[in-house]
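These notes concern the structure reproduced below.
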Amino acid sequence: MLYPIFIFILAGLCEIGGGYLIWLWLREGQSSLVGLIGGAILMLYGVIATFQSFPSFGRVYAAYGGVFIIMSLIFAMVVDKQMPDKYDVIGAIICIVGVLVMLLPSRA
């Protein structure tokens, strides 16, 4: 179970990091090089996601969505200095429970 978690985290870092660099370029006036690097990192995210050991694309991406939510809230706390409120936390917990329900049962 550690390998899929590692891939989810690595994919999340690429998706959030790449998206943030594009945000900086388009919304905050950073150079186009920053946007280009962000785009390259987002492409890398798409490749990394294919390394998951689960056979179903839809299930992998649905489960990754829960991980992405948690990582986005952590990013907001660390980078944007925006603390999640109780509804953010409750929603994130519900998402993680959903991810576990989707990934933990063995399927024949």
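A Cβ is built for glycine as well, from the same backbone N, Cα and C atoms used for every other residue.
Feature annotation from Swiss-Prot assigns transmembrane segment to 5-25 (among others); the stated evidence is sequence analysis.
Residues or ranges marked as transmembrane segment by Swiss-Prot on the basis of sequence analysis: 31-51 (among others).
Away from its own ends, the transmembrane segment (60-80) comes close to residues 8-9, 11-13, 15-16, 20, 49, 52, 54, 88-89, 91-92, 95-96, 98-99, 102-103 of its chain (Cβ-Cβ under 8 Å, at least six residues beyond either end). Residues annotated as transmembrane segment in Swiss-Prot, with sequence analysis given as evidence: 60-80 (among others).
Sequence-distant contacts of the transmembrane segment (86-106) (same chain, six or more residues past either end, CB-CB distance under 8 Å): 4, 54, 59, 62-63, 65-67, 69-70, 73. Residues annotated as transmembrane segment in Swiss-Prot, with sequence analysis given as evidence: 86-106 (among others).
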- [ ] Six or more residues out from either end of the transmembrane segment (31-51), which same-chain residues have a Cβ under 8 Å from its Cβ atoms?
- [x] 7, 10-11, 14-15, 17-25, 60-61, 64
Task: Long-range Cβ neighbours of the transmembrane segment (5-25) (under 8 Å; 6 or more residues past either end) - done: 31-32, 34-35, 37-45, 48-49, 51-53, 63-64, 67-68, 71-72, 75, 79
